[in-house]
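Positions annotated as [4Fe-4S] cluster binding site by TrEMBL: A:C349, A:C409, A:C412. According to TrEMBL, the region 'Disordered' annotation covers A:58-79.
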Amino acid sequence: MTTNRPKTLYDKLWDAHVVVPETDDAPAVLYIDLHLIHEVTSPQAFAELDARGIRPARPDRTKATMDHSTPTLPAGPDGRLPYASAASEKQVDTLARNCAAHGIELFDLASDQRGIVHVIAPELGLTQPGMTIVCGDSHTSTHGAFGALAFGIGTSEVGHVLATQCLLQRKAKTMSITVDGALAPGVGAKDVILHIIGVIGVNGGTGHVIEYRGSTIRAMDMEQRMTLCNMSIEAGARAGMVAPDDTTFAWLAQAPRAPKGAEFEAAKAGWAALATDEGASFDVEVRIDAADIRPTLTWGTHPGTAIAIDAPIPAANDAAARKALDYMAFNAGHSLEHTKVDVVFVGSCTNGRLRDMREVADVLRGRTIASSVRMLVVPGSEQVKREAEAEGIHEVVRAAGAEWREPGCSMCIAMNGDLVAPGQLAVSTSNRNFEGRQGPGSRTLLASPLTAAWAAVNGRVGDPRELFDARKEVA
Amino acid sequence: MSALSRVASRSVVLAQTNIDTDQIIPARFLSTTERKGLGKHAFHDWRWLADGAPNPSFAFNREDNAGREILLAGRNFGCGSSREHAPWALRDLGLRAVVSSEIADIFRNNALKNGLLPVILDEAIVQRLMQRPDDTLEIDVASRTLRTPAGESFAFPLDSFSRTCLLEGVDELGYLLARRDEIQRHESAHHKEQIHAR
Ligand code: SF4
């Protein structure tokens, strides 16, 4: 291998973090810049370390928050938070104890910087281009939006990173997904990624790191890029990434933990050099035309079942598809448009950021949600909540008849007591529609914040492009 | 981790494709600080009916499937979340190997760290094996082969590092700790700064 061979963004990040190169006999030892932990996947890792008498190697490089099991309702009159179970409360307490014992910075329930792990690290500027970032959580791919190599790990690996700041890894294959052209009004980043997963399949990215490229991606703001990278794992990819550019640098310039002044300028020069070199090749290349992307939802029980809102649900050609249709109580040949909806959930690390809150508020302003619908709007972090409230978004949400909650994962994973009831149909801005994901027997349509909010208003799935036609008429 | 060199067992079949980690262990059972005891919740929502009675049509509830250590699963098994609770639950259920034509990356990694052997074979072979779940299959880690009683032998991919770890029952943490000097050299050359001080 010559040194002047053109490299992809992934190649550059990989090379910069290899401590011991991989061989046929052993994976590489890869250095990890930033390790994020939360209450659900870390307790067994700390227990293992404690049992072996090992202290964290670089506690400054691990940051912790509480998000999965935490209630989104405020404390009751007795001052106690309404935890779903004693076990949930114990997990949260265990994290606090482990962080205190090992000198790890924790954004706890009292912190005004707390929130979903993949929302707060970018907000704080902990997430930076060129970093390797891991977390015991598959949606760590979100941070790839900044040109970081970010991926989910298991609990044993959480222990490895705590103990050595390194992981054993084999280099992945590369896949470029190039999206070019302008998106139609009413079509957003969530539709783009659902469309992509629909095209390449729920396992289409297996073994690969995806780099998203093209004019559509360049035109996206950081929040949209995070939505996109977030769901890379839903296509089976190890990670998803976007090369850093001025949009990225502008975000970091205002992030509290990012470098400042001369340090920022120096860092920026390094970040700008990370982009994939001209002439670098990918193992797989996919091209998507933005003009082909319509509002997209899922009809089945994995994210690969994404179809355009007005497209027919495909005929079941195997047992899995028949089972999914049966579970969802849908018929092949029908479109999802006009499907009656019971619950609408806006939030999660996919779509719980300020932009998402604004899009939802724009739909709800001056409207009320259908009386048959229960709608939860859950900001992804304290900062999102604060900024949204400063714009009066909470009041728009409440006036429309929806609930405005405290930040957390909430109904995305339904661990904290926020549940969709058995048989109910939810339109959700989260990232997984697996059987029972939002509660036993729950049925989930994944969709964009616009599609979700419009469904809440209509009580049925509706095409959010209608909103933009109507607005034109009004103007 | 206990060593694993050979699995010889009849199989349980879950032919469905894309069995995700939310099915293997639903999120509401992740509120634990332990690794043990998750077996009773494995495949919970398929295994137990709403009233808590076992679902008689679910494979793991069939009496003649008790004690089987091999799962034959549809393509893309273990997709979804990174929860290591998934292989913990399957091990706790008594499984030692999962055979499928495709196994999701993170699940595969997590499985290997917990003495659960991921065996990837061609779809056509998996389909054939699924027709004969009462055959005792022999999976040999050292030679990376799966053998049927009819004498067929199928090779499966397993990198030599994982193979050694399984055979010797050593875990990756020990391997990483032994490289502490190299890690420290790399760190002081490239990652010395204390990051993100408040
Ligand atoms: S919001 Fe959902 S996907 Fe994101 S970290 Fe929380 S549980 Fe995971």
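All positions are counted from 1 along the displayed chain.
A Cβ is built for glycine as well, from the same backbone N, Cα and C atoms used for every other residue.
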**Request:** Please indicate, using numbers and ranges, the residues of the same chain that are 6 or more beyond the region 'Disordered' (A:58-79) and have a C-beta under 8 Å from a C-beta there.
**Result:** 32-40, 42, 88-89, 91-92, 95-96, 99, 102-109, 111, 114-117, 120-121, 126, 161-162, 165, 376, 378, 405-410, 413, 415-418
**Prompt:** When you average the Cβ positions of A:C349, A:C409, A:C412 for the [4Fe-4S] cluster site, which other residues in that chain have a Cβ within 8 Å of that mean position?
**Reply:** A:D67, A:H68, A:I116, A:H118, A:H139, A:G347, A:S348, A:T350, A:G352, A:G380, A:G408, A:S410, A:I413, A:S430, A:N431
**Prompt:** Other than its own, how many Cβ atoms are within 10 Å of the Cβ belonging to A:C412 ([4Fe-4S] cluster binding site)?
**Reply:** 31
**Request:** Tally the residues of the region 'Disordered' (A:58-79) by DSSP class, grouping H, G and I as helix, E and B as strand, and everything else as coil.
**Result:** 3 helix, 4 strand, 15 coil
**Complete:** Close in space but at least six residues away in sequence, with Cβ under 8 Å from that of A:C349 ([4Fe-4S] cluster binding site), the same-chain residues are A:I116, A:V117, A:H118, A:V119, A:H139, A:T142, A:M226, A:N230, A:G380, A:C409, A:C412, A:N431
**Prompt:** If H, G and I count as helix, E and B as strand, and all else as coil, what does DSSP give for A:C349 ([4Fe-4S] cluster binding site)?
**Reply:** helix
**Asked** Other than its own, how many Cβ atoms are within 10 Å of the Cβ belonging to A:C409 ([4Fe-4S] cluster binding site)?
**Response** 32
**Asked** In which DSSP state, out of helix, strand and coil, do we find A:C412 ([4Fe-4S] cluster binding site)?
**Response** helix
